[in-house]
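If you check TrEMBL, you get these features:
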COMPBIAS  B:796-807  compositional bias 'Basic residues'
DOMAIN    B:29-452  domain 'Oligosaccharyl transferase STT3 N-terminal'
DOMAIN    B:602-661  domain 'STT3/PglB/AglB core'
REGION    B:486-525  region 'Disordered'
REGION    B:796-825  region 'Disordered'
TRANSMEM  B:25-48  transmembrane segment
TRANSMEM  B:127-146  transmembrane segment
TRANSMEM  B:152-170  transmembrane segment
TRANSMEM  B:182-207  transmembrane segment
TRANSMEM  B:213-237  transmembrane segment
TRANSMEM  B:249-275  transmembrane segment
TRANSMEM  B:299-318  transmembrane segment
TRANSMEM  B:330-354  transmembrane segment
TRANSMEM  B:395-415  transmembrane segment
TRANSMEM  B:422-439  transmembrane segment
TRANSMEM  B:445-464  transmembrane segment
TRANSMEM  B:532-556  transmembrane segment
Amino acid sequence: MAVGIGFRRRLDFLLLVIAILSAPVLSDLILSKVERQIDLTSQIARISSTIKAENDGSSSVSEILLAIPELQAKNLAYLTARVIEGKGKARTSGLALTVEPANPKGMPPALSFYSIVLPKPLANGDSVTLDVLAAFTHSLRPFPEKITQADIHLVLFQDTGHYLSPYPVKVQSLAVKLPQARIESYTKLDNTKTLGSEIKYGPYENLPPFSYSPIAIHFEANQAFAVARELVREIEISHWGNVQVTEHYDIVHGGAMSKGEFSRLDYQSKPQIRGASAFKHLVAKLPPRAHSIYYRDAIGNISTSHVRGDSKKTEILIEPRYPLFGGWRTAFTIGYGLPLHDFVFESEGKRFLNISFGSPMHDIVTDSITLKVVLPEGSKYFSVSTPFAVQQEEEIKMSHLDIFGRPVVVLKKANVVPEHNQFFQVYYKFNALAMLMEPFMLITGIFFLFVTCIVYVHVDLSISKSSASYLAKLQWDEVRATVQQIQNIINQCLSTHEKLEASLRDLSRTGDVQACKAARKAADGLLKELSKELKPLIAFLQSTPPAAHILPKVEELVAKERELQERLMAKHSTIVDSYEKKLGGKETENRVASVQQKIVALRQDIEDLMEYIDEI
Amino acid sequence: MASPESAVNGPTMTAGAASKSLRNAFGGVIAFIILVLIGVLAFSIRLFSVIKYESVIHEFDPYFNYRVTQFLSKNGIYDFWNWFDDRTWYPLGRVIGGTVYPGLTLTAGTIWKVVNSLNIPLSVETVCVFTAPIFSAFASWAAYLLTKEVKGPGAGLTAAALLAMVPSYISRSVAGSYDNEAVAIFALVFTFYLYIKTLNTGSLFYATLNALAYFYMVCSWGGYTFIINLIPMHVLLCIVTGRYSSRLYIAYAPLVVLGTLLASLVPVVGFNAVLTSEHFASFLFLILVDRQCHLSSSYYLLVQVFIIIHVVALAYYIKGILSPKMFKVAVTLVVSVGLAVCCAVIAILIAVVASSPTKGWSGRSLTLLDPTYASKYIPIIASVSEHQPPTWPSYFMDINVLAFLVPAGIIACFMPLTDSSSFVILYIVTSVYFSGVMVRLMLVLAPAACILSGIALSEAFNVLTRSIKFQLPGIAGNPSIAEENGSSTVVAPNDIPKTEEAAKEKPAKKNRKKEKENVEKKPTPSKTEKRLLVLPLEASVIAVLLLVLLGAFYVVHCVWAAAEAYSAPSIVLTSHSNDGGLHVFDDFREAYSWLSHNTDVDDKVASWWDYGYQTTAMANRTVLVDNNTWNNTHIATVGTAMSSPEKQAWEIFHSLDVKYVLVVFGGVVGYPSDDINKFLWMVRIGGGVFPHIKEPDYLVSFSNLRMLTSQTYLFACLYPKRDGQYRIDAQATPTMLNCLMYKLSYFRFVETDGKGFDRVRRTEIGKKHFKLTHFEEVFTTHHWMVRIYKLKPQRNRIRGKTKKSKSSRSVSSKRDVRGKRNPWH
C-alpha cells in the first residue's frame, strides 16, 4: 500500500513538475539564502524558514510569494512572516507581516500561493530577510494505519527536499527534527546526513524556480496525538468581578487506529511498551489566579486531575477517564474563573475583553473551535478585533434572571493550533448601573410577594356579602372581639388582686395600716369600674346567638372572678383587722387559712377558664 | 384598654389572657422559625453525599428516573406519555409512559421548567439531585401538620424534627438519590394529614384536597396501596368501635370517589386496578408494589368499607328519625336482608377469585404474608437485597432510639383515644408488620415511628416540665404564685382585637400543652387532676436530662448515618489509604464513558440486569435487561448465557444481536458485590426457565466439603439449606469453571499476581490459564472492576476442508441440542 501511495504521490508531483516547468518566471526576485527547519517533535508539523530575498530586477517589488503544494495547503493551520533585522546575535524580528492568499496568473494549478506584503517595497539590489513560520496539522500520517496495543506507532511525513518557490534559490538547507532517534526510513538525497534524531539535507545551491524533490520520513512518534474535534469555549463576563471560562472538548486520539483487544494487564504492567501509543493525560496552562477549576463530563466529576499554580501560570494536569489509544474518543468539560481586572479593561469610554483565543491545552490540534463571548446583559455597541480571520456571528443567551438576554459574540474557526493562542479583543459599552438590575429585580419581587401577602390578609375575599355563613362569620368575629375584651378586663381585675396582695405584703413589712387601707379603697374603686365596663359586654354576648356555647363559660368566669374579689377583700380586711388588733402571725394565718384555700382554688379555676376561652 | 398599672406591675402579674395571646403569637412565630429550621436541617443533612462525593445521581433506579426526566424535559409531556423505549429490553423494548409512576418525574420536570422559565440555568441533573432533599423538608413539615392534628403543636414540632433526620428516610433521600420514595413519603404523610384534618374538621374542602394528595401519591409510588388500605381499615375501626360521625363520612366518601377516579387517570394504575383480581390479597393485607406488579391494588377493601360506611350512615339517619322501638324493628329487618346479600356477594367473589388462575394471589402479595415465599419460589424477587426481611440491627440502624420511644407514643395515644390517635396507632401497627417483611418497607415505618416518638417525647417533656414548674416556686416558699410564669413580662396588650385573633389563629402554639379535643370533652376537672399528678422534682429533672441525652444520641447517630452510611453514591467508591489519603474507585463511570464514546450508538450491550439502568443512562447503549425486571424469561436468557460454556453463550448472545458483554469483577480490589457473587441468581433464574441449567452442576456438595481443610471461600452461604456451595477455587465443578461468567471475570487474572488470588472470595481461583475463543477483551477499567468483552465475529466458512464431513456432523448434532437450549432459535 505504501508503494501505491508513494507512487501516486510521485505521479502527482511529476505532473506538478511538468506544470511548473511551463510556468513563467514571476518577477526578478532571487532568494539568496533559504534555511528551513521542520519540527516534527509534536503532532503539529512546524516549518520555519529563514528567507533572504534580493531584488535583481529593475522595478521595485512589494510582495513575495510563497508556494505550498495543495496537498499540504489544506492542512495549513497557521502561517506568519516577520522581517528580520540585524545579524548574528543582534537579530530582532519585526512585526508580523500581512500574509494573504494570492492567486497569481499562469501558475501551476497544484500549488497554493500566499503573498507576503513587504513593509516597504524592495528596490533594485536591496535585500530583505524574512522568517516564515507555517504550521500544518494532520500531516503526520500514521503508517501502518492500524496497530495493536503492542505495536510501535509509526508516522510518515512527506515534504519537498528542495525549497519550493516561484523564485530561483541560490543556497538552501533543510533540517528535520524528529521526536525520537528511531527512524524507520527516510528519503536520501545527495548531501543527507542524520545526527541523532535530526536529519539534515543540503546545502543545495543554485536551484531553479519550482525545483521539487519529494522526501518521505517514516519514524516513531509516541507523543500525544490529541485532537479536539470540536471545542466550544464560552467566556462569560460578569462585572461583579469574574470572567468564567467553560471549555467543552470532544477529544480523539488522532494517531493510528488501535485494533484488536485492549488488555489492561499489559497496559498496567508495561505501560512504556504496551501503551506507548496511548496518551494518559493532557496539560493545560491556564492564566495565573485561575480559581474554581472543575473538570467533569456528562456523567459527573472526573477525579483524576492535579492543579499547580504559581504567579505566572496555573497548570492543570487532567487525565481522561481512560487512556486514549488510537481512534478512541472522549469528551469532557473544564471550567475556571478568572479575576475580572486581569482581562477586562477600559479605554475611551469603552470596555474591552483581552483574552487568548485558542485552547489552553499543550500541543493540541483543534479541528473546529467555537468561541462564545457572553457579554453582560445590557452591553451595547460591541466589536471584535482578532489577529487572524475568524467567522463571526451573534446570538443571545438567557442566563441567571435575564430579561433581555445577554449578547453573545460567536467566533468560529477551523484548524486551530497553539500558535493561535493570541490575544483578541471584544469591545463593548456597558453601564455599571445595569448590573444592579438583577438584585433590584429580586428585591422588587420579594417586596411584591410581601405586599401581596399583606393585601391578601387584609382584603375580604368573600364572594357573597349577604350569605348566612358570611354574616355568621362576621358576628362570630364580633363575639370573639368581645370575649377578648372581657378577658382583658378580667386580667386587669387579676392584676388589681395582685396589687391587693402586694399591699398586704407591704403591710407585713412596714406595718403601715393606712397605706394598706388606701390601697384597698383604690382597688375597690377600680374593680367596681371594671365590673361596670364588663356589663355591656356580657349583655352583648347574651344577645348574640353564636355566643351561646361560649356564654356559660364567660359567665362562669365573671362569677368566679367576682367571688374571688369578695374573698380577697374578706381576706384583706381580716388581715388588716388582725394586724390592727396586733394578733400573732399564727392566729392570723388560722383565720385566713380557709379563705386562702378558696382563693387559690378560684384562681386556678379562673386560669383554666381563661385558657379554655383562649382556645376557642 | 391597657391600663398603665398592669404594665408597671408586669413582673408580678398573674399570667392573663392578654399575655397569653401574646405568648401564643410569639409561640406561633417561634414555631414557624423552628419549622423553617427543621426544613433547613432536613435539606442540609442530606447534602453529605454532595459534599463528600459530588453532585451526581446515585445507584441504579435513580439513573432510570433521571433518564426519564431528561426525556421529559427535552421532548415534553405528550412524547413522554407515548414513549416507547427501544434502548432497553432489546429486542422487546419497553413502554415507559405506561409503566412508570410519573409523579417524581413530573415533579422534577416541573421544577426544572419553572426554574428555567425564570432564566435560572439549572441542569436537569442538578434538579434531580436536589429533589429528594427538598421533598424531605416538605415531608417533615407534613409530619408536623399530621402530629399537630393528633396531639398538638408541641408533639408536631418534635415529630417534624425527628423525621427530618431519621436514618431510614435519609437512606432513600440523600441528595442524588432520585427515587420515587423521596417524594412518596411526603405524599404519604401529607395525605394522612389531610385525612386527619378532614376527620377533625369535617370540612369538604380538606376532603377534596385529600383526594388530590392521594392522586399525587398514586402518581408517585406503588405504596399508595398502603393508603388505600389503611384508611378503610381505620374507618372500619371507627365504625366498629362506635365512633361513626358525619365527619368520618366526609373524610372517607369523597376520598373513595374522587381518589379512585383520579387514580384511574394514571396509566400505570388505570382501570385495571379496579378490575384485576389481585385485590383479594389486599383484603387481608396490603401490598407494596414496585416495578414488576404495578397492578396490584386493593380496591376491594376500599369499596367494601365504602358500602359499609353508607349503611352505617343510613342507619344513623334512620335512628334519628325513628322512635327507638321502630328502630329496633328496622334493624332486625335490615340485618337479615343484609346478611343474605352479603352471603351472595361473598359467594360470587369466591367464585370469581377461584376461577382466576393465580387464585387472586400475586407472588409479591404472598411475600408479605409469608416472608419465605419469594426466596422459595420467585428467585427474581428474592435476589434483590431490599426484598429480604430486615434483621434486628437494621431496626436500630434505621430508626435508632425511636424504636424505644414508639411504645410510649402508643400509650400516649391511648390517653385519650381519639379518632386521630387511633389512626396513628393503626398506622404504626401495620407499618411495623410490613417492615418486618421487607427491608424496603422500613421506609413506611419511619414516619409512623417519628410521629409516635414525637408524641411520646412531647408528652414526657410535658409531664416532666410541668412537675418541675409546679414545684420550683414551692421550694421558694410561695405556693400562691405557683402558676406564675417568670418570663411572662407583659407588654401592653394589643388594642386591635382582630390582629390578636389572627395571632391566635396561627397554627402553632408551642406553649399550648393541652390538646383540643381533650378540653372539649372534659374541660377543667381533668386539668386540675393533671396538676395533681406531679412527679418528684429530682426525678423529673433527671428524666429531662436523660431524655435530652437520648435525643442527643439520636442526633449523633443520624448525622453519622447520613455522613458515613448512606451518602455513598455507589457508582463511585472510595477507600482511605493508610496514610490518610483518599483513593477513588471510579471504574463504573470509566467503563460507561468508554462504552458511550468508543462503541457504535446502536450496539447492544449484555450484562446482568443490575447494570441495565446505568448502561442506558450513562453509556446510552441498548441493553437486554434492566432493573425493571418485568420479563423473567428475558432475564433468564441472560442468566443462562452467563452460566453456559463460551460457545453456547456466544450463540445466545449472537442471536440477540449483542456486541459487547459487560461483567463486574471485584477480585482485584475486593469489591464484594460483583457478578461472581451474584452468580447464584443467574443460575437460579436461568435454571428456572431453561431446565438444562441445573444448579447442582455448579455446586460443590457438602460431602466433598467435609474433606477440605481450609474453608475460606463461602460466597453463597446465604442459602445453607441448598445442598452445597458455589465456589471458584480448585474444588469447583467443571461446569462452574467453564461457564462464561467465570471465564470473563478471570480472564488473564492470574497474571496480575502470579497466583490468581481472588480478594473477595479470599481464595486462589480454580482454573488459572485459559484462552477465550469467542470473545475478546476490549476494555478493562483501572481497577478491573468492569470488564467489557466483544463478541468475535462469526468465522468465515472455509470451503473444501478435509474435516468437512466430521465438522458438519458435529455441528448438526449440536444444533439439535441447541435448538432446545437456546430460546432465541
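Quick reminder: no glycine exception, Cβ is built from N, Cα and C everywhere.
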Beyond the flanks of the transmembrane segment (B:532-556) by at least 6 residues, Cβ under 8 Å: 162, 165, 400-402, 405, 457, 460-461, 463-468, 470-472, 475
Same-chain residues near the transmembrane segment (B:445-464), Cβ under 8 Å, at least 6 residues beyond its ends: 139, 143, 146-147, 150-152, 154-163, 166, 168-169, 185, 188-189, 398-399, 401-403, 405-406, 408-413, 424, 427-428, 431-432, 434-435, 513, 533, 535, 540-541, 543-544, 547, 551
Stretch with greatest number of CB pairs under 8 Å, the transmembrane segment (B:422-439) reference, B:25-48, B:152-170, B:182-207, B:299-318, B:330-354 candidates: B:182-207
Counts of helix, strand and coil residues, the domain 'STT3/PglB/AglB core' (B:602-661), according to DSSP: 32 helix, 10 strand, 18 coil
Segment proximity, the transmembrane segment (B:152-170) to the transmembrane segment (B:395-415), 3 or more C-beta pairs under 8 Å: yes
PLDDT averaged over the residues of the domain 'STT3/PglB/AglB core' (B:602-661): 89
